[in-house]
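Swiss-Prot annotations:
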ACT_SITE  SER409  active site, charge relay system
CARBOHYD  ASN63  N-linked glycosylation site
CARBOHYD  ASN147  N-linked glycosylation site
CARBOHYD  ASN239  N-linked glycosylation site
CARBOHYD  ASN307  N-linked glycosylation site
CARBOHYD  ASN391  N-linked glycosylation site
CARBOHYD  ASN526  N-linked glycosylation site
TOPO_DOM  1-26  topological domain 'Cytoplasmic'
TOPO_DOM  50-552  topological domain 'Lumenal'
TRANSMEM  27-49  transmembrane segment
Amino acid sequence: MLHITEKEQTRGLRQLEKRGKRLLPPLIKFIWFCLISAACVAATTFYWLRLSPVHNIHKHSLNSSFEDKGEDGTLQLKHIFHHGVGEKDYKIHKRLDVTQEYLIKHSAYFQNMVNEQQQEVQEIQEIHKRHEKQEIQVKYGPDQEYNQTNTALNSVGTEYKSRLSTNEYDWPDVHRGKNPFDIQLPFKNKQSIARRIKHRNEPFFIESYLDYARSVNGDALILNRINLEWIDDDINIPNITDKDTIVTLATISSNAYVRFPQNDDDKKKSDWTDVGGGWIPDEENNDVNFGWEDVGLRGHIFVSKDNKTVVIGIKGTSGAGLPGGGSDETTKNDKTNDNLLFSCCCARVGYMWTTVCDCYEKAYTCNQDCLEKELRRKDRYYEAALDIYKNVTAIYPPETTDIWVTGHSLGGALASLLGRTYGLPTVAYEAPGEMLALKRLHLPQAPGLPRHLEHIWHIGNTADPIYMGVCNGASSSCSLGGYAMETACHTGYQCVYDVVTDYGWRVNLLNHRIHTVIDDIILVYNETAPCVYQAPCRDCFNWRFVSHDDKE
(Lines of atoms letter the chains of each structure in order from A; the text may use other names.)
(Lines give C-alpha, C1' and ligand atoms only; values in the text may rest on other atoms or scores of the structure.)
Protein backbone atom coordinates (compact mmCIF):
# COMPACT_ATOMS: atom_id res chain seq x y z
CA MET A 1 0.00 0.00 0.00
CA LEU A 2 1.37 3.36 -1.09
CA HIS A 3 1.75 5.76 1.79
CA ILE A 4 1.82 9.53 1.09
CA THR A 5 3.42 11.61 3.76
CA GLU A 6 2.04 14.97 4.79
CA LYS A 7 5.05 16.71 3.26
CA GLU A 8 4.47 15.04 -0.12
CA GLN A 9 0.76 15.85 0.04
CA THR A 10 1.56 19.52 0.61
CA ARG A 11 4.01 19.52 -2.28
CA GLY A 12 1.35 17.97 -4.59
CA LEU A 13 -1.25 20.55 -3.67
CA ARG A 14 1.19 23.33 -4.46
CA GLN A 15 1.88 21.79 -7.88
CA LEU A 16 -1.85 21.54 -8.62
CA GLU A 17 -2.29 25.13 -7.55
CA LYS A 18 0.45 26.28 -9.91
CA ARG A 19 -1.02 24.22 -12.74
CA GLY A 20 -4.46 25.74 -12.08
CA LYS A 21 -3.01 29.23 -12.30
CA ARG A 22 -1.50 28.35 -15.64
CA LEU A 23 -4.79 26.86 -16.94
CA LEU A 24 -7.18 29.52 -15.59
CA PRO A 25 -6.20 32.46 -17.83
CA PRO A 26 -6.75 30.55 -21.11
CA LEU A 27 -10.14 29.38 -19.84
CA ILE A 28 -11.21 32.92 -18.97
CA LYS A 29 -9.99 34.18 -22.33
CA PHE A 30 -12.04 31.50 -24.09
CA ILE A 31 -15.19 32.42 -22.16
CA TRP A 32 -14.72 36.14 -22.88
CA PHE A 33 -14.11 35.38 -26.55
CA CYS A 34 -17.42 33.48 -26.76
CA LEU A 35 -19.35 36.26 -25.02
CA ILE A 36 -17.86 39.02 -27.18
CA SER A 37 -18.46 37.03 -30.37
CA ALA A 38 -22.10 36.46 -29.46
CA ALA A 39 -22.55 40.14 -28.68
CA CYS A 40 -20.98 41.17 -31.98
CA VAL A 41 -23.24 38.81 -33.95
CA ALA A 42 -26.33 40.13 -32.15
CA ALA A 43 -25.32 43.75 -32.65
CA THR A 44 -24.49 43.21 -36.31
CA THR A 45 -27.82 41.47 -36.93
CA PHE A 46 -29.75 44.22 -35.15
CA TYR A 47 -27.92 46.96 -37.04
CA TRP A 48 -28.36 45.23 -40.39
CA LEU A 49 -32.07 44.75 -39.82
CA ARG A 50 -32.42 48.31 -38.53
CA LEU A 51 -31.14 49.68 -41.82
CA SER A 52 -33.84 47.80 -43.68
CA PRO A 53 -36.45 50.30 -44.90
CA VAL A 54 -39.27 47.85 -44.17
CA HIS A 55 -38.03 47.26 -40.65
CA ASN A 56 -37.82 50.97 -39.97
CA ILE A 57 -41.37 51.57 -41.09
CA HIS A 58 -43.04 48.86 -39.08
CA LYS A 59 -41.00 49.01 -35.95
CA HIS A 60 -42.91 52.17 -35.12
CA SER A 61 -45.90 52.25 -37.43
CA LEU A 62 -47.60 48.94 -36.81
CA ASN A 63 -46.46 48.42 -33.21
CA SER A 64 -45.88 51.99 -32.15
CA SER A 65 -45.90 53.20 -28.57
CA PHE A 66 -47.42 56.45 -29.83
CA GLU A 67 -51.00 56.22 -28.61
CA ASP A 68 -53.89 58.52 -27.84
CA LYS A 69 -53.44 59.82 -24.31
CA GLY A 70 -57.00 60.61 -23.29
CA GLU A 71 -58.70 63.99 -23.37
CA ASP A 72 -56.33 66.04 -21.24
CA GLY A 73 -53.62 67.73 -23.27
CA THR A 74 -55.01 66.60 -26.61
CA LEU A 75 -56.06 68.25 -29.85
CA GLN A 76 -59.04 67.25 -31.98
CA LEU A 77 -60.35 68.36 -35.37
CA LYS A 78 -63.17 70.87 -34.94
CA HIS A 79 -63.39 72.86 -38.18
CA ILE A 80 -62.34 72.74 -41.82
CA PHE A 81 -62.00 75.98 -43.77
CA HIS A 82 -61.97 76.07 -47.54
CA HIS A 83 -60.92 79.19 -49.42
CA GLY A 84 -61.42 79.32 -53.15
CA VAL A 85 -58.72 80.72 -55.41
CA GLY A 86 -58.54 81.90 -58.97
CA GLU A 87 -60.22 84.82 -60.67
CA LYS A 88 -63.61 83.12 -60.44
CA ASP A 89 -63.68 81.50 -57.02
CA TYR A 90 -61.39 83.48 -54.71
CA LYS A 91 -64.34 85.11 -52.91
CA ILE A 92 -65.74 81.74 -51.91
CA HIS A 93 -64.93 80.90 -48.30
CA LYS A 94 -66.73 78.20 -46.35
CA ARG A 95 -66.45 76.52 -42.96
CA LEU A 96 -67.32 72.93 -42.06
CA ASP A 97 -67.88 72.25 -38.36
CA VAL A 98 -66.91 68.72 -37.33
CA THR A 99 -69.59 68.24 -34.69
CA GLN A 100 -70.89 65.08 -33.09
CA GLU A 101 -73.91 65.31 -35.36
CA TYR A 102 -71.63 65.48 -38.40
CA LEU A 103 -69.69 62.41 -37.25
CA ILE A 104 -72.92 60.47 -36.69
CA LYS A 105 -74.31 61.54 -40.05
CA HIS A 106 -71.26 60.14 -41.86
CA SER A 107 -70.56 57.27 -39.46
CA ALA A 108 -70.90 54.67 -42.22
CA TYR A 109 -68.22 56.40 -44.29
CA PHE A 110 -65.86 56.69 -41.32
CA GLN A 111 -66.41 53.06 -40.30
CA ASN A 112 -65.67 51.92 -43.84
CA MET A 113 -62.52 54.07 -43.80
CA VAL A 114 -61.32 52.48 -40.55
CA ASN A 115 -62.11 48.95 -41.76
CA GLU A 116 -60.22 49.43 -45.01
CA GLN A 117 -57.26 50.90 -43.15
CA GLN A 118 -57.17 47.90 -40.81
CA GLN A 119 -57.30 45.57 -43.81
CA GLU A 120 -54.38 47.47 -45.34
CA VAL A 121 -52.44 47.04 -42.10
CA GLN A 122 -53.01 43.27 -42.14
CA GLU A 123 -51.94 43.00 -45.78
CA ILE A 124 -48.79 45.04 -45.15
CA GLN A 125 -47.99 42.94 -42.08
CA GLU A 126 -48.12 39.80 -44.22
CA ILE A 127 -45.76 41.39 -46.74
CA HIS A 128 -43.53 42.47 -43.85
CA LYS A 129 -43.39 38.91 -42.48
CA ARG A 130 -42.36 37.54 -45.88
CA HIS A 131 -39.76 40.28 -46.13
CA GLU A 132 -38.28 39.38 -42.72
CA LYS A 133 -38.18 35.71 -43.70
CA GLN A 134 -36.31 36.54 -46.89
CA GLU A 135 -33.94 38.80 -44.91
CA ILE A 136 -32.92 35.89 -42.71
CA GLN A 137 -32.36 33.62 -45.71
CA VAL A 138 -30.26 36.24 -47.44
CA LYS A 139 -28.11 36.80 -44.37
CA TYR A 140 -27.64 33.21 -43.26
CA GLY A 141 -28.57 31.06 -46.27
CA PRO A 142 -26.10 28.90 -48.27
CA ASP A 143 -23.98 30.70 -50.81
CA GLN A 144 -25.47 28.80 -53.72
CA GLU A 145 -28.96 30.02 -52.79
CA TYR A 146 -27.99 33.66 -52.29
CA ASN A 147 -28.81 35.01 -55.76
CA GLN A 148 -32.18 33.26 -55.89
CA THR A 149 -33.14 34.40 -52.40
CA ASN A 150 -31.95 37.95 -52.98
CA THR A 151 -34.13 38.14 -56.09
CA ALA A 152 -37.11 37.01 -54.04
CA LEU A 153 -36.29 39.60 -51.40
CA ASN A 154 -36.24 42.38 -53.98
CA SER A 155 -39.59 41.16 -55.29
CA VAL A 156 -41.15 41.30 -51.82
CA GLY A 157 -39.63 44.74 -51.21
CA THR A 158 -41.13 46.01 -54.47
CA GLU A 159 -44.52 44.61 -53.49
CA TYR A 160 -44.20 46.26 -50.10
CA LYS A 161 -43.38 49.71 -51.50
CA SER A 162 -46.13 49.39 -54.08
CA ARG A 163 -48.65 48.56 -51.36
CA LEU A 164 -47.59 51.53 -49.28
CA SER A 165 -47.99 53.89 -52.23
CA THR A 166 -51.70 53.01 -52.50
CA ASN A 167 -52.63 54.81 -49.29
CA GLU A 168 -56.15 55.69 -50.36
CA TYR A 169 -56.95 57.83 -47.36
CA ASP A 170 -53.63 59.71 -47.22
CA TRP A 171 -53.09 58.76 -43.58
CA PRO A 172 -49.82 57.84 -41.78
CA ASP A 173 -49.22 54.17 -41.00
CA VAL A 174 -48.86 54.92 -37.29
CA HIS A 175 -52.53 55.98 -37.25
CA ARG A 176 -53.95 53.34 -39.59
CA GLY A 177 -57.25 52.08 -38.20
CA LYS A 178 -58.06 55.41 -36.53
CA ASN A 179 -60.64 57.91 -37.74
CA PRO A 180 -58.87 61.13 -38.82
CA PHE A 181 -61.97 63.13 -37.92
CA ASP A 182 -62.21 62.20 -34.23
CA ILE A 183 -58.65 61.18 -33.36
CA GLN A 184 -57.21 62.85 -30.26
CA LEU A 185 -53.57 63.87 -30.53
CA PRO A 186 -51.38 64.56 -27.47
CA PHE A 187 -49.23 67.67 -27.19
CA LYS A 188 -47.03 69.51 -24.73
CA ASN A 189 -46.35 73.22 -24.57
CA LYS A 190 -44.10 75.56 -22.67
CA GLN A 191 -44.18 79.22 -21.80
CA SER A 192 -42.31 81.80 -23.81
CA ILE A 193 -42.47 85.38 -25.05
CA ALA A 194 -43.51 86.46 -28.54
CA ARG A 195 -42.61 89.88 -29.91
CA ARG A 196 -45.26 90.96 -32.38
CA ILE A 197 -47.16 93.99 -33.69
CA LYS A 198 -49.61 95.36 -31.15
CA HIS A 199 -52.34 96.20 -33.66
CA ARG A 200 -51.88 93.10 -35.83
CA ASN A 201 -55.45 91.86 -35.31
CA GLU A 202 -57.17 95.15 -36.09
CA PRO A 203 -59.14 94.97 -39.36
CA PHE A 204 -57.02 95.71 -42.44
CA PHE A 205 -54.01 96.87 -40.39
CA ILE A 206 -51.62 94.20 -41.70
CA GLU A 207 -52.94 94.49 -45.25
CA SER A 208 -52.47 98.26 -45.21
CA TYR A 209 -48.90 97.90 -43.99
CA LEU A 210 -48.06 95.31 -46.66
CA ASP A 211 -49.59 97.47 -49.40
CA TYR A 212 -47.57 100.48 -48.27
CA ALA A 213 -44.38 98.43 -47.97
CA ARG A 214 -44.82 97.24 -51.55
CA SER A 215 -45.49 100.78 -52.77
CA VAL A 216 -42.12 101.95 -51.41
CA ASN A 217 -40.32 98.82 -52.65
CA GLY A 218 -39.64 97.72 -49.09
CA ASP A 219 -37.34 100.67 -48.43
CA ALA A 220 -36.21 100.15 -44.83
CA LEU A 221 -35.53 103.86 -44.24
CA ILE A 222 -39.08 104.77 -45.20
CA LEU A 223 -40.71 101.86 -43.37
CA ASN A 224 -38.85 102.67 -40.17
CA ARG A 225 -40.60 106.04 -40.07
CA ILE A 226 -43.90 104.26 -39.49
CA ASN A 227 -42.70 103.27 -36.02
CA LEU A 228 -44.71 100.08 -35.70
CA GLU A 229 -45.55 99.39 -32.07
CA TRP A 230 -44.14 96.03 -30.99
CA ILE A 231 -45.11 94.30 -27.75
CA ASP A 232 -43.88 91.21 -25.90
CA ASP A 233 -46.72 88.76 -25.20
CA ASP A 234 -46.56 85.86 -22.77
CA ILE A 235 -47.68 82.82 -24.75
CA ASN A 236 -47.48 79.04 -24.83
CA ILE A 237 -45.46 77.53 -27.66
CA PRO A 238 -45.14 73.90 -28.79
CA ASN A 239 -42.48 71.86 -27.02
CA ILE A 240 -40.42 70.83 -30.03
CA THR A 241 -38.16 68.59 -27.93
CA ASP A 242 -41.14 66.34 -27.19
CA LYS A 243 -41.49 63.63 -29.83
CA ASP A 244 -45.24 63.19 -29.33
CA THR A 245 -45.80 66.90 -29.95
CA ILE A 246 -43.73 66.81 -33.14
CA VAL A 247 -45.67 63.76 -34.35
CA THR A 248 -48.97 65.42 -33.44
CA LEU A 249 -48.23 68.55 -35.46
CA ALA A 250 -47.02 66.41 -38.36
CA THR A 251 -50.25 64.41 -38.15
CA ILE A 252 -52.27 67.63 -38.29
CA SER A 253 -50.29 68.57 -41.42
CA SER A 254 -51.10 65.15 -42.86
CA ASN A 255 -54.74 65.43 -41.82
CA ALA A 256 -55.17 68.35 -44.21
CA TYR A 257 -54.69 65.88 -47.10
CA VAL A 258 -57.34 63.42 -45.91
CA ARG A 259 -60.42 62.97 -48.06
CA PHE A 260 -63.71 63.58 -46.34
CA PRO A 261 -67.20 62.32 -47.20
CA GLN A 262 -69.09 63.92 -50.03
CA ASN A 263 -72.56 62.99 -51.11
CA ASP A 264 -75.45 64.81 -52.75
CA ASP A 265 -76.12 66.82 -49.60
CA ASP A 266 -72.50 67.95 -49.43
CA LYS A 267 -72.66 69.12 -53.02
CA LYS A 268 -75.58 71.31 -52.01
CA LYS A 269 -73.38 72.77 -49.26
CA SER A 270 -75.70 71.57 -46.47
CA ASP A 271 -72.74 70.96 -44.14
CA TRP A 272 -70.90 74.16 -44.99
CA THR A 273 -71.35 77.63 -43.49
CA ASP A 274 -70.62 80.67 -45.61
CA VAL A 275 -67.97 82.86 -43.96
CA GLY A 276 -66.95 84.78 -47.06
CA GLY A 277 -68.68 87.34 -49.21
CA GLY A 278 -72.16 85.89 -49.07
CA TRP A 279 -71.75 83.58 -52.05
CA ILE A 280 -74.98 81.84 -53.02
CA PRO A 281 -75.21 79.03 -55.61
CA ASP A 282 -76.90 80.12 -58.80
CA GLU A 283 -77.52 78.68 -62.24
CA GLU A 284 -73.98 79.46 -63.36
CA ASN A 285 -72.19 78.21 -60.24
CA ASN A 286 -74.37 75.43 -58.84
CA ASP A 287 -71.84 72.76 -59.74
CA VAL A 288 -69.05 74.09 -57.51
CA ASN A 289 -67.92 71.43 -55.02
CA PHE A 290 -66.13 72.42 -51.88
CA GLY A 291 -63.49 70.46 -50.03
CA TRP A 292 -61.04 68.21 -51.72
CA GLU A 293 -62.51 68.25 -55.20
CA ASP A 294 -62.60 72.01 -55.52
CA VAL A 295 -59.73 74.33 -56.31
CA GLY A 296 -58.47 76.29 -53.36
CA LEU A 297 -56.65 76.26 -50.05
CA ARG A 298 -57.82 74.25 -47.08
CA GLY A 299 -57.10 74.63 -43.38
CA HIS A 300 -57.91 71.99 -40.76
CA ILE A 301 -58.44 73.47 -37.30
CA PHE A 302 -57.55 71.38 -34.24
CA VAL A 303 -58.60 72.61 -30.82
CA SER A 304 -57.70 71.55 -27.29
CA LYS A 305 -60.41 70.51 -24.83
CA ASP A 306 -60.21 73.79 -22.92
CA ASN A 307 -60.26 75.84 -26.17
CA LYS A 308 -57.04 77.56 -25.13
CA THR A 309 -54.84 76.05 -27.86
CA VAL A 310 -55.77 76.12 -31.55
CA VAL A 311 -53.64 74.68 -34.35
CA ILE A 312 -54.20 75.60 -37.99
CA GLY A 313 -53.02 72.87 -40.37
CA ILE A 314 -52.61 74.14 -43.94
CA LYS A 315 -52.83 71.69 -46.84
CA GLY A 316 -49.77 71.35 -49.04
CA THR A 317 -49.26 70.35 -52.64
CA SER A 318 -51.49 67.57 -53.97
CA GLY A 319 -50.86 65.17 -56.77
CA ALA A 320 -48.23 62.79 -58.03
CA GLY A 321 -45.96 65.58 -59.24
CA LEU A 322 -44.75 66.33 -55.73
CA PRO A 323 -45.61 63.39 -53.45
CA GLY A 324 -47.17 64.31 -50.17
CA GLY A 325 -50.86 64.08 -50.78
CA GLY A 326 -52.35 61.34 -52.86
CA SER A 327 -54.80 63.03 -55.18
CA ASP A 328 -54.67 65.40 -58.12
CA GLU A 329 -57.77 67.56 -57.66
CA THR A 330 -55.98 70.75 -56.63
CA THR A 331 -52.74 70.12 -58.49
CA LYS A 332 -53.15 72.93 -61.02
CA ASN A 333 -53.47 75.76 -58.47
CA ASP A 334 -50.95 74.14 -56.14
CA LYS A 335 -48.39 74.09 -58.94
CA THR A 336 -49.10 77.72 -59.84
CA ASN A 337 -48.50 78.88 -56.28
CA ASP A 338 -45.46 76.60 -55.87
CA ASN A 339 -43.89 78.09 -58.97
CA LEU A 340 -44.76 81.61 -57.89
CA LEU A 341 -43.40 81.29 -54.34
CA PHE A 342 -40.31 79.16 -54.89
CA SER A 343 -38.95 80.11 -58.31
CA CYS A 344 -36.67 83.00 -59.13
CA CYS A 345 -38.93 84.54 -61.75
CA CYS A 346 -42.39 83.08 -62.45
CA ALA A 347 -40.95 79.61 -63.19
CA ARG A 348 -38.92 80.91 -66.12
CA VAL A 349 -36.48 78.01 -66.08
CA GLY A 350 -36.10 77.81 -69.85
CA TYR A 351 -37.74 78.99 -73.03
CA MET A 352 -39.84 75.81 -73.16
CA TRP A 353 -41.45 76.51 -69.76
CA THR A 354 -44.88 78.11 -69.36
CA THR A 355 -44.53 80.92 -66.82
CA VAL A 356 -47.09 81.62 -64.08
CA CYS A 357 -46.78 85.41 -64.40
CA ASP A 358 -45.44 87.98 -66.87
CA CYS A 359 -42.57 89.40 -64.84
CA TYR A 360 -39.71 88.00 -66.93
CA GLU A 361 -37.96 90.71 -68.97
CA LYS A 362 -34.82 89.20 -70.44
CA ALA A 363 -32.07 86.73 -69.63
CA TYR A 364 -31.71 86.52 -65.83
CA THR A 365 -33.61 89.80 -65.42
CA CYS A 366 -36.97 90.00 -63.68
CA ASN A 367 -39.36 92.79 -62.71
CA GLN A 368 -39.42 92.95 -58.90
CA ASP A 369 -42.56 95.12 -58.73
CA CYS A 370 -44.42 92.63 -60.88
CA LEU A 371 -43.38 89.70 -58.67
CA GLU A 372 -44.50 91.43 -55.48
CA LYS A 373 -47.84 92.33 -57.02
CA GLU A 374 -48.42 88.75 -58.14
CA LEU A 375 -47.80 87.36 -54.65
CA ARG A 376 -50.35 89.77 -53.14
CA ARG A 377 -53.11 89.01 -55.61
CA LYS A 378 -56.38 88.18 -53.87
CA ASP A 379 -56.67 84.89 -55.73
CA ARG A 380 -53.29 83.57 -54.53
CA TYR A 381 -52.68 81.23 -51.61
CA TYR A 382 -50.99 83.76 -49.31
CA GLU A 383 -54.07 85.99 -49.25
CA ALA A 384 -56.24 82.91 -48.76
CA ALA A 385 -54.14 81.92 -45.73
CA LEU A 386 -54.64 85.39 -44.23
CA ASP A 387 -58.41 85.05 -44.64
CA ILE A 388 -58.43 81.62 -43.01
CA TYR A 389 -56.56 83.03 -40.01
CA LYS A 390 -58.97 85.95 -39.67
CA ASN A 391 -61.96 83.62 -39.71
CA VAL A 392 -60.34 81.38 -37.10
CA THR A 393 -59.77 84.37 -34.81
CA ALA A 394 -63.44 85.29 -35.20
CA ILE A 395 -64.22 82.05 -33.35
CA TYR A 396 -61.19 81.87 -31.06
CA PRO A 397 -60.07 85.36 -29.94
CA PRO A 398 -56.26 85.66 -30.19
CA GLU A 399 -56.18 87.63 -26.93
CA THR A 400 -57.22 84.52 -24.97
CA THR A 401 -56.09 81.72 -27.29
CA ASP A 402 -52.69 80.34 -28.24
CA ILE A 403 -52.82 79.91 -32.03
CA TRP A 404 -50.16 77.78 -33.72
CA VAL A 405 -49.70 77.04 -37.41
CA THR A 406 -48.35 73.95 -39.13
CA GLY A 407 -48.26 72.44 -42.60
CA HIS A 408 -46.30 70.22 -44.95
CA SER A 409 -44.49 71.20 -48.17
CA LEU A 410 -46.33 74.16 -49.72
CA GLY A 411 -48.55 74.17 -46.64
CA GLY A 412 -45.48 74.44 -44.42
CA ALA A 413 -44.15 77.44 -46.34
CA LEU A 414 -47.55 79.16 -46.17
CA ALA A 415 -47.69 78.37 -42.45
CA SER A 416 -44.30 80.03 -41.98
CA LEU A 417 -45.39 83.13 -43.92
CA LEU A 418 -48.62 83.31 -41.91
CA GLY A 419 -46.68 82.88 -38.68
CA ARG A 420 -44.32 85.70 -39.68
CA THR A 421 -47.23 87.97 -40.53
CA TYR A 422 -49.02 87.66 -37.20
CA GLY A 423 -46.26 86.48 -34.87
CA LEU A 424 -47.59 82.92 -34.47
CA PRO A 425 -45.53 79.89 -33.39
CA THR A 426 -45.06 77.75 -36.50
CA VAL A 427 -43.79 74.23 -37.16
CA ALA A 428 -43.33 73.50 -40.88
CA TYR A 429 -42.50 70.08 -42.33
CA GLU A 430 -40.34 69.60 -45.43
CA ALA A 431 -41.18 73.11 -46.67
CA PRO A 432 -39.29 74.61 -49.61
CA GLY A 433 -37.22 77.67 -48.82
CA GLU A 434 -39.61 80.54 -48.09
CA MET A 435 -37.12 83.32 -47.31
CA LEU A 436 -37.35 84.72 -50.85
CA ALA A 437 -41.15 84.96 -50.64
CA LEU A 438 -40.91 86.61 -47.21
CA LYS A 439 -38.70 89.36 -48.64
CA ARG A 440 -40.92 89.88 -51.67
CA LEU A 441 -43.98 90.21 -49.42
CA HIS A 442 -42.11 92.64 -47.13
CA LEU A 443 -43.43 90.91 -44.02
CA PRO A 444 -42.80 92.88 -40.82
CA GLN A 445 -39.90 91.64 -38.69
CA ALA A 446 -39.36 92.67 -35.09
CA PRO A 447 -36.24 94.83 -34.67
CA GLY A 448 -33.50 93.31 -32.55
CA LEU A 449 -35.39 90.06 -32.05
CA PRO A 450 -33.30 87.66 -29.92
CA ARG A 451 -32.94 84.22 -31.43
CA HIS A 452 -34.49 82.54 -28.41
CA LEU A 453 -37.71 84.39 -29.22
CA GLU A 454 -37.73 83.01 -32.76
CA HIS A 455 -40.76 80.72 -32.96
CA ILE A 456 -40.47 79.40 -36.53
CA TRP A 457 -39.21 75.81 -36.81
CA HIS A 458 -38.59 73.93 -40.05
CA ILE A 459 -38.53 70.13 -39.70
CA GLY A 460 -36.70 68.45 -42.58
CA ASN A 461 -34.46 65.57 -43.58
CA THR A 462 -31.28 65.43 -45.63
CA ALA A 463 -32.74 62.94 -48.13
CA ASP A 464 -35.53 65.30 -49.23
CA PRO A 465 -34.38 67.23 -52.32
CA ILE A 466 -37.14 69.84 -51.96
CA TYR A 467 -36.31 70.78 -48.39
CA MET A 468 -32.58 70.74 -49.13
CA GLY A 469 -33.11 72.97 -52.18
CA VAL A 470 -31.56 70.59 -54.71
CA CYS A 471 -34.68 69.56 -56.64
CA ASN A 472 -33.85 71.68 -59.65
CA GLY A 473 -32.05 71.32 -62.94
CA ALA A 474 -33.31 69.95 -66.23
CA SER A 475 -33.16 66.29 -65.16
CA SER A 476 -34.56 66.69 -61.63
CA SER A 477 -37.85 65.09 -60.64
CA CYS A 478 -39.33 68.49 -59.83
CA SER A 479 -38.47 69.94 -63.23
CA LEU A 480 -39.82 66.89 -65.01
CA GLY A 481 -43.07 67.39 -63.10
CA GLY A 482 -43.26 71.05 -64.09
CA TYR A 483 -42.20 72.49 -60.72
CA ALA A 484 -39.54 75.21 -60.55
CA MET A 485 -38.28 74.66 -56.99
CA GLU A 486 -35.30 77.01 -57.02
CA THR A 487 -35.15 78.18 -53.39
CA ALA A 488 -33.17 76.68 -50.52
CA CYS A 489 -33.13 79.39 -47.83
CA HIS A 490 -35.47 79.10 -44.85
CA THR A 491 -36.24 81.49 -42.03
CA GLY A 492 -36.08 80.70 -38.34
CA TYR A 493 -34.70 77.43 -37.01
CA GLN A 494 -33.88 74.33 -39.03
CA CYS A 495 -34.39 70.98 -37.31
CA VAL A 496 -32.88 68.46 -39.71
CA TYR A 497 -32.81 64.67 -39.40
CA ASP A 498 -29.58 63.51 -41.08
CA VAL A 499 -30.91 60.23 -42.47
CA VAL A 500 -28.24 60.21 -45.20
CA THR A 501 -25.43 59.92 -42.66
CA ASP A 502 -27.28 57.99 -39.95
CA TYR A 503 -29.10 55.43 -42.09
CA GLY A 504 -27.50 55.63 -45.52
CA TRP A 505 -30.59 56.99 -47.27
CA ARG A 506 -30.30 58.38 -50.77
CA VAL A 507 -31.78 61.69 -51.86
CA ASN A 508 -35.16 60.87 -53.36
CA LEU A 509 -38.37 62.78 -53.93
CA LEU A 510 -40.31 60.06 -52.09
CA ASN A 511 -38.59 61.15 -48.89
CA HIS A 512 -40.59 64.37 -49.12
CA ARG A 513 -43.83 62.55 -48.19
CA ILE A 514 -45.30 63.53 -44.82
CA HIS A 515 -46.01 59.84 -44.14
CA THR A 516 -42.33 59.04 -44.60
CA VAL A 517 -41.39 61.85 -42.23
CA ILE A 518 -43.73 60.55 -39.53
CA ASP A 519 -43.37 56.78 -39.84
CA ASP A 520 -39.79 56.35 -41.03
CA ILE A 521 -37.97 59.32 -39.53
CA ILE A 522 -39.47 61.03 -36.47
CA LEU A 523 -40.66 57.80 -34.86
CA VAL A 524 -37.45 55.94 -35.68
CA TYR A 525 -35.14 58.42 -33.98
CA ASN A 526 -34.92 58.30 -30.19
CA GLU A 527 -34.82 62.09 -29.92
CA THR A 528 -36.12 65.01 -31.92
CA ALA A 529 -33.73 66.67 -34.34
CA PRO A 530 -31.46 69.42 -32.99
CA CYS A 531 -32.53 72.88 -34.14
CA VAL A 532 -30.04 75.44 -35.40
CA TYR A 533 -30.59 78.94 -36.71
CA GLN A 534 -30.55 79.45 -40.47
CA ALA A 535 -27.05 80.39 -41.59
CA PRO A 536 -26.62 83.36 -43.98
CA CYS A 537 -28.22 82.32 -47.24
CA ARG A 538 -29.20 83.86 -50.56
CA ASP A 539 -31.38 82.47 -53.33
CA CYS A 540 -31.29 83.38 -57.03
CA PHE A 541 -27.94 85.13 -56.72
CA ASN A 542 -27.42 85.03 -60.49
CA TRP A 543 -30.63 86.95 -61.24
CA ARG A 544 -31.08 90.71 -61.51
CA PHE A 545 -34.33 92.07 -60.10
CA VAL A 546 -35.25 95.52 -61.39
CA SER A 547 -37.85 98.04 -60.30
CA HIS A 548 -39.65 100.74 -62.27
CA ASP A 549 -37.58 103.23 -60.24
CA ASP A 550 -34.28 101.72 -61.37
CA LYS A 551 -32.19 103.87 -63.69
CA GLU A 552 -30.27 101.83 -66.18
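Keep in mind that glycine also has a Cβ here, set from the backbone N, Cα and C atoms.
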Cα separation, ASN239 (N-linked glycosylation site) to ASN391 (N-linked glycosylation site) (Å, whole number): 26
Winner by Cβ contact number (other Cβ atoms within 10 Å) across the recorded positions ASN239, ASN307, ASN391, SER409, ASN526: SER409
Rounded Cα-Cα span from ASN526 (N-linked glycosylation site) to ASN239 (N-linked glycosylation site), Å: 16
Euclidean distance between Cα atoms of ASN526 (N-linked glycosylation site) and SER409 (active site, charge relay system), Å: 24
Distance, ASN526 (N-linked glycosylation site) to ASN307 (N-linked glycosylation site) (CA atoms, angstrom): 31
DSSP three-state assignment (helix, strand or coil) for ASN391 (N-linked glycosylation site): helix
For ASN526 (N-linked glycosylation site), the three-state class that DSSP assigns: coil
